[in-house]
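Taking it in order: structure first as structure tokens, then the write-up.
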Amino acid sequence: MCGICGLRPLDGAPVDRALLERMNARQRHRGPDGAGLHVEGAVGLAMRRLAVIDLPTGDQPLRNEAGDVVLVGNGEIYNYRSLRAELLDRGHELRTTGDLEPVVHLYEELGEACFARLRGMFALALWDRRADRLLLVRDRYGIKPLHWRSDGRTLAFASELKGLTADPTLSRELDPEALSLYLSYNCVPAPRTIYAGVQKLRPGHLLAVEGGRVEERRWYARPLPAAPPRSDRPVADWSEELLTVLEDSVHAHLESDVPVGVFLSGGVDSGALCALAARHAPGRLRTFSIGFRERSFDELADARRTAALYDTDHTELVVEPDVLTLLPRLAEVYDEPFGDSSAVPTYLVSELAGRDVKVTLSGEGGDEAFAGYEVYVAARLAPLAGRALPGPLRRGVIAPLVRRLPASTERVSLDYRAKRFLADLDREPLARHHGFKAIHTADGKRSLLRDPAAGRLDPLDRLRPAWEEAAGLGPIGRLQHVDTVTYLVDDLLTKTDRASMAHSLEARVPFVDHHVLDFAARIPDALGIRRLRPKWLLRQAVAPLLPPEVVGGRKRGFSIPAAAWLRGEASGLVADVLGPAEIERQGVFRSAAVTELVRQHAAGRVDHSRPLWGLLMFGLWHRHVHEARG
């Protein structure tokens, strides 16, 4: 695991070595164990190293025998041992036993086709002097980040935005479309960043820089069935295959020369990782959990059950509201607005684990792969509800009653779910799914934004390509694919990467292994959800491995009591960051609209915790950037 960055002048100018070193220094947290630099006239590559495999000799940059192919990379290649053996058999000379060196020699043989041979998470920068070509490559599902910009004179790239903002000439102009998308999702989805002119390399894509030309190409597309999978296969066979595929992934993700831990919630996903890792870990497994005083948010009891079953060395932390003092730090960690409130416990559990281990397994991707979200149940119910409840009855009688439900501070409360469900019942499936998950409606964004043009972007344009390429799947499978290539990438994996790397901790995600996701795409809708129970097949498969309370428990998610905190302990911070004077100073939102959201939430009339949290984190990010620039 590392942080990488680099410069490629497009106009023949020499590399600005001092800038490259500043960029690299900005990412020291991603690799405190060492640094590497390669500068040769037309290109400069740099990296910071977190040593977890081949501790003595795994430094970068890496080179082929002739020295004309040079690589820096971030991530882990889990099948490197077999690749290394192949290359040695074919006469290649490998100088290290690390996981990334085989990539250099595979590229010599296969060119860009080599990336399809890699199993793992990675963001790579490869310089081919022979072809005068720089390649930037991001893994299949965007587990590892890579940002880039080009001003026509120089192309710059870095693992994190803070690497690029080391350049004082970088414009900090906001991208209005990125801002609109942020209000929809509480994150800025790829390929955009909050800054105009700076982009994220999309998952499964590469950027080729040759002779002054910059071209982005897709190197990976998820293989999807052409027709909905059949459900006449015995459930026992499905369960057995699921467990085999998942165990193979967990085993591969344990490859390390340092101890590996597990983030353990009280749920099925992390419980399955713990159970399977305990089979293969060399020694007693370390597990780490976060809990809350608020009962509806706390999963520590179930986490303890799983930890006790496998006799793990278990460490836990109970989060108190005073943790809100770290929110300005989160604004710095994420480099751009990031409004998923679960970034708080993710940051804290990473800090907890980082004291004892360098590598941990995390359960991101389990819900997308195996239909774990309640929105999928809502999608199953929506057509039935639409037929059973005529429109006039819904709009004239039921909807007014639902609107009168009191706002609750419980996790994903009844009032919130009912209001969202009825509001979007008449829309087509993709729009309905977006409506269930969106932070602000289109009308809400128009009322908030000072610039009316910023709110015109249709957020469904981001989702439609994934929806269309999954046309052969069932209706729930299509939504799962959409979430896999959007929400998982732009929110969950981003959250986990930045939070873990802030503590020099490598987080690995076995559910996002492409073998697991290939298998998951073949699961029929009827097995993903059965009897309105999400994640049904996964529960069946892991039932023999986990306590019954965990297998039968309701999904809670990794969230915080944001609604209550925003009305109570965080109200002072809200008044400071979202007060009219501060909103006017930002010049982005209408202060009257923000004030009304705050007032309604404080009065307990409506649960605005998700939009308010997003606005709060935007404000803290804006303040951080403003103060950093003096």
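Including glycine, each Cβ sits where the backbone N, Cα and C put it.
Some features that TrEMBL has for this protein:
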- C2: active site, for GATase activity (ACT_SITE)
- D99: L-glutamine binding site (BINDING)
- I290, S362, G363: ATP binding site (BINDING)
- 2-212: domain 'Glutamine amidotransferase type-2' (DOMAIN)
- E364: site 'Important for beta-aspartyl-AMP intermediate formation' (SITE)
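A map of TrEMBL features onto the structure.
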{"residue": "C2", "record": "active site, for GATase activity", "DSSP class": "strand"}
{"residue": "D99", "record": "L-glutamine binding site", "DSSP class": "coil"}
{"residue": "I290", "record": "ATP binding site", "DSSP class": "strand"}
{"residue": "S362", "record": "ATP binding site", "DSSP class": "coil"}
Farthest-apart CA atoms of I290, S362, G363, residues recorded for ATP, distance in Å:
14
What's the CA-CA gap between S362 (ATP binding site) and the residue listed as 'active site, for GATase activity' in angstrom, rounded?
18
Can you tell me how far the Cα of I290 (ATP binding site) sits from the Cα of D99 (L-glutamine binding site), in Å?
32
Nonlocal neighbours by CB distance (under 8 Å) for the residue listed as 'active site, for GATase activity', same chain, sequence gap 6 or more:
R30, G31, M47, R48, R49, L50, Q60, V72, G73, N74, G75, S159
Local confidence of the domain 'Glutamine amidotransferase type-2' (2-212) - pLDDT mean:
94
Given a separation of at least six residues and a C-beta threshold under 8 Å, show me what packs close to G363 (ATP binding site) in the same chain.
F263, S265, G267, D269, S270, A272, L273, V509, F511
Are there residues of the same chain, six or more positions away from E364 (site 'Important for beta-aspartyl-AMP intermediate formation'), whose CB falls under 8 angstroms from its CB, and which are they?
L488, L492, L493, T496, V509, F511, V512
